[in-house]
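My structure is below; once you've seen it, I'll send some questions.
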């Protein structure tokens, strides 16, 4: 059986005859107001995909509670197609793998209440060596529309710069072209971009930062770094999760409703993971408001796996309409503490034990941006129990386990000040302020590394709250707060922290210097809630 080889008319698949304005995805958050949830075959099955797998997965998700919990997307990955295009240039599915065809499969998936997604590549070949979309973008968009596809994952293998363009510029051209085509469709596809991943593993991260700057303008989500470990892969699955987790902490400033940072799939049945580690991946991804795309053998998921994957309290966090990504409030050799706001006015705190031993400790409320003069209700989002807290939350965690609490505030104690680490994303070093010096040090969890940033851009440490981060020439120090321009800072989407008086940017190691373009030493992560200038 051959594919549909007669293209549908361009006016039917793309925009109508009326002009359509091409807008950035972040300007149209209604296309994907919350991060996607669903299934993708890649990390579990790679190229071993077929119709039976997707039918059985669809049936299982419809009956085991995953669809009801919100996992409503069924997405194919690489290797679904033939090695050659049809004579008219259109893609053809592999009839051995999909004997009834992708239009039939799409109809089946949708009859069960799911959306249907597909994979292509922006280069001349996919990562598996199948036909890429370069030069065929409009043809492929038309055929995807004809098949009922509503989600496109566009990979970035086999991209080579044309004359006059750098590699980064070539990716921008290809993904920008796809954005224009998809934006003109009567029913635009959700656009998942993989471009940043191809720039994430270099020492000089300027191109990676640059790609991250433009992907929110073109699509609804972007894979920012390396692939998560596949089921048959060698190495530590936990280390792989931690690698992608750490990359995600570097890019929080980009996320907003309509665009989501994607740290890759939930590997829920990987044999190398303990239950605590699986639960941690889910809790961290939910705290990030990251895509929750499961790559596992769904029919064989255990009751324990299904229990955490369908945790409604954590799914509600993931799907919170603010879409604010949790950021680091504190980090040391064992614990990461992350915080964010939720749309109902509550505060989320997520505590990860990434160390090798169990730990029991108190998490002080002031590092969460909350007042220690107030009393709060804290709900454990794993078990559902609620406790009254005043100064701190007492936590006890196994190695590689994660706790998540939702802290309710009342009118008297509703003020939350963005609080947490200011860290250089290239070195991982934390800005550290004492009365004698301000510089960059390894993150150690001390309050001299935990900063509060108010709405006017004034920055102070928790350890010395009467003193503010001050620029004088190219030097920085803590000085008594006076709210002069030397103590006011602005944070840009590029990651630059710029002083209002000098016009210089904070630079790793201490001090300020002339602002460069996406230079490693001047890109910083700041707490969620700080205003980001676009």
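Here the Cβ of each residue, glycine as well, is placed from N, Cα and C on the backbone.
What you see is a predicted model, and the numbers here were worked out from it, not measured in a lab.
Annotation comment: Swiss-Prot describes 1-25 as signal peptide, evidence class sequence analysis. What Swiss-Prot records for 47-79, 127-157, 430-443, 468-481 is disulfide bond. According to Swiss-Prot, the feature N-linked glycosylation site maps to 50, 88, 94, 124, 204, 444, an assignment based on sequence analysis. What Swiss-Prot records for 155 is active site, nucleophile. Here Swiss-Prot flags 213 as active site, proton donor, drawing on similarity to another entry.
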Which residues does residue 50 (N-linked glycosylation site) neighbour through Cβ under 8 Å, counting only same-chain ones at least six apart?
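Spatial neighbours, sequence-distant, of residue 50 (N-linked glycosylation site): 96, 97, 98.
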Counting other Cβ atoms within 10 Å of each Cβ, which of the glycosylation sites 88, 94, 124, 204, 444 scores lowest?
88
Using C-alpha atoms, which one of the recorded positions 88, 155, 204, 468 comes nearest to residue 124 (N-linked glycosylation site)?
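That would be 155, the closest of 88, 155, 204, 468 to residue 124 (N-linked glycosylation site).
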Cα within 10 Å of residue 79 (disulfide bond) is the criterion; apply it to the disulfide-bonded residues 127, 430, 468 and give the hits in sequence order.
127
Using a 10 angstroms cut-off on Cβ to Cβ distances, just flag whichever of 47, 430, 468 is the loneliest among these disulfide-bonded residues.
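So among 47, 430, 468, the disulfide-bonded residues given, the one with the fewest Cβ atoms within 10 Å is 47.
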Using the structure shown, find which entry in 155, 213 (the active-site residues) has the sparsest Cβ neighbourhood within 10 Å.
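Fewest other Cβ atoms within 10 Å, among the active-site residues 155, 213, is found for 213.
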Could you check what DSSP calls residue 213 (active site, proton donor) once collapsed to helix, strand or coil?
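It is helical.
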In the three-state scheme derived from DSSP, which category covers residue 47 (disulfide bond)?
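Its secondary structure by DSSP: coil.
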Give me the CA-CA distance between residue 127 (disulfide bond) and residue 155 (active site, nucleophile), in Å, as a whole number.
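About 8 Å separates the two Cα atoms.
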Just how many other Cβ atoms lie inside 10 Å of the Cβ on residue 127 (disulfide bond)?
20
